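According to Swiss-Prot, the protein carries these features:
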- 86, 205, 206, 207, 536, 541, 699, 779, 780: substrate binding site (BINDING)
- 437, 503, 506: [4Fe-4S] cluster binding site (BINDING)
């Protein structure tokens, strides 16, 4: 079918008639000029891809009529220009593709039809752990261990890059996916097949939104959805409301981009932006560098929006030149965006589009702050940190409470480390990590940390040796400018050696703490602290022994490491006392903004980016030496504990079955609010007494070889055993934190996997009860695949985080939502009832279904299949089954 909008096509430059674009101004529709810039990107993609099948003319009209339709809950298709994956989510995607090829072959189709149509980049950044720190060879040793642990996964990924077209792999050691995307992969404008069009993407990592800081529309999706996009399917999304976030004023000289983003995170959580786009505008935006904008856009999942968009302006264009992009390409990028009405001047208010709602922040009101101790939205001013931590100590167990009895607030424990005596107390810092895509891509905060380290060393300060310090930059570029500017030796002297290029501590790959430290924490029952420049600090994520974790800017991470405790008021108390007996305060060593900018201007230069990135795909010799099979179908190794053919498609036929009601289901878990995907499917270490550990031990592995759950995502047997295996899981059946539940027929307390297995052996269906924001956090597809394998047919919750709900749909698990004002408490549900959920043969989006209990009580819930496309996936038993049937016909 030809495109009904073909008449909009014209050359961008008459001198190059072969280079065309869809000129949206030729629509001659006054509504276009008042659309938010983010919605203009959706509109262009719909017009360019309009085939009257996947994308219909009516979809284009709905997007153009955004001002009215944003309130109508209507779905629109979106075909992004590309996909990015990281290795933890990328391995299961390639496993699924390999298994889908097998399934298509088995059903009589051509397996090579399973191939990415949409270009995909897979960046390996999640595997490296902080095993070695505080030594010059930490990086080399951690990278060697990474290869030793992950050889089989890496070989499999290398096979995938050869077996599938359109899939590029960025080897380990290159940097963090979002920074590599910002500095290297992002096109801003595509120039492909004779057409210019806006760069846009979805990624299998929730912090994909970082790229919105450069004016590239992108957000995180579940791995399952990303696979469908790679196979040419559009994403089906509800046309979002767009909140205009107006920035005015100039930030105070002592304030960092981290302080601004933590302030915005708290503010937008209060405004309520889940499922919406946020678009930044106003004169304050022009004051922010691309690194600052990217930091703000990065934490979009923490404030709950789908995307946090900064349209392209002159600052974006300068950044492209600064990062070594081709000057001719940059010229065409600006020319195209101006021609199509997508280039922004933030000082010109006549360009301000319509928004659903406008909120404002005056940057001069931002103060230095941290967030914690358990959630990124719980912002605390640095001046209040001591007082806030001490009130959390005694407060009842919760997001801001540890329930330590008042007479134990000053407990402490002495221990011996490296033949010296030290003391730990509540609030002692045991992990200090400069880590994560949020901050390590920002030269101003990284150089700020380096200059602070230099001044601290010059003033005679040091960091206690038992504190686990680490620096994991987002790319080789960071190391380059830290080294060239001369601050690296000072960072090393304080223990902040480069330990690897990857997510590391931010995703729980913090590695072990010294045994003496763990012993002191456990014996003293102490609330020990991790301070990190990360973006998430949910319980049990950073390290099992740090009950309090605070997000802070890189300079503050160093400051708290030097202080050794969170219980310090920097204004009144010294950071430390030097050998001369002089007290040194934080204000004495805090670098000024002018100092930082002078160093940044001198050392962050285009040549550096070119040098790092021109050899990115070949620089890792260990990767180059890996052997990988060349077959188009993967030859599964039955002995492998990393890569296993999943059971998802074993019984798949070409015929569709009508939907079945769920009869007499038991509740596997009865959960509360804010259950994260970390609770459902942890990414960190495999506990020695867990079902997954027993599985690995039975196959002859020692605990040293267990690796992490994240690295085992290519093996469904381990991931099923790791489902709900987080030690911080709070199940109302037990009233304590444990990865366990009650097997209701027998009354026994079992590990969640063992209980689920028992129910499945008896042929009994399962559901999960939950509260608000079920599935918040990382875009973890195993948080939907795992429950599916445990036999969970439905989840009944008060509300869902966007990505997780669509992942459940993608696996054929029914997301049910209580009616407004109702929940387990108001309905008097204990979770010990048996549930029958009536599912009619004819389904409609967001329809209500009847739930009947064995007590005789009945109530209704909303079936959260939000679009017709989602219902199609459900009828097929999930999105991948749908794709296999489609590719086989």
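We number each residue from 1, going along the chain as drawn.
Here the Cβ of each residue, glycine as well, is placed from N, Cα and C on the backbone.
Annotated features taken from Swiss-Prot, shown on the structure.
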{"residue": "86", "record": "substrate binding site", "DSSP (3 states)": "strand"}
{"residue": "206", "record": "substrate binding site", "DSSP (3 states)": "helix"}
{"residue": "536", "record": "substrate binding site", "DSSP (3 states)": "coil"}
{"residue": "699", "record": "substrate binding site", "DSSP (3 states)": "coil"}
{"residue": "780", "record": "substrate binding site", "DSSP (3 states)": "coil"}
Relative to the Cβ of residue 780 (substrate binding site), which residues of the same chain, six or more apart in sequence, are found under 8 Å away?
89, 222, 677, 678, 680, 681, 683, 804, 807
When each of the binding-site residues 536, 699 is scored by other CB atoms within 10 A, the minimum falls on 699
Excluding its own, the Cβ atoms lying within 10 Å of the Cβ of residue 86 (substrate binding site) add up to 27
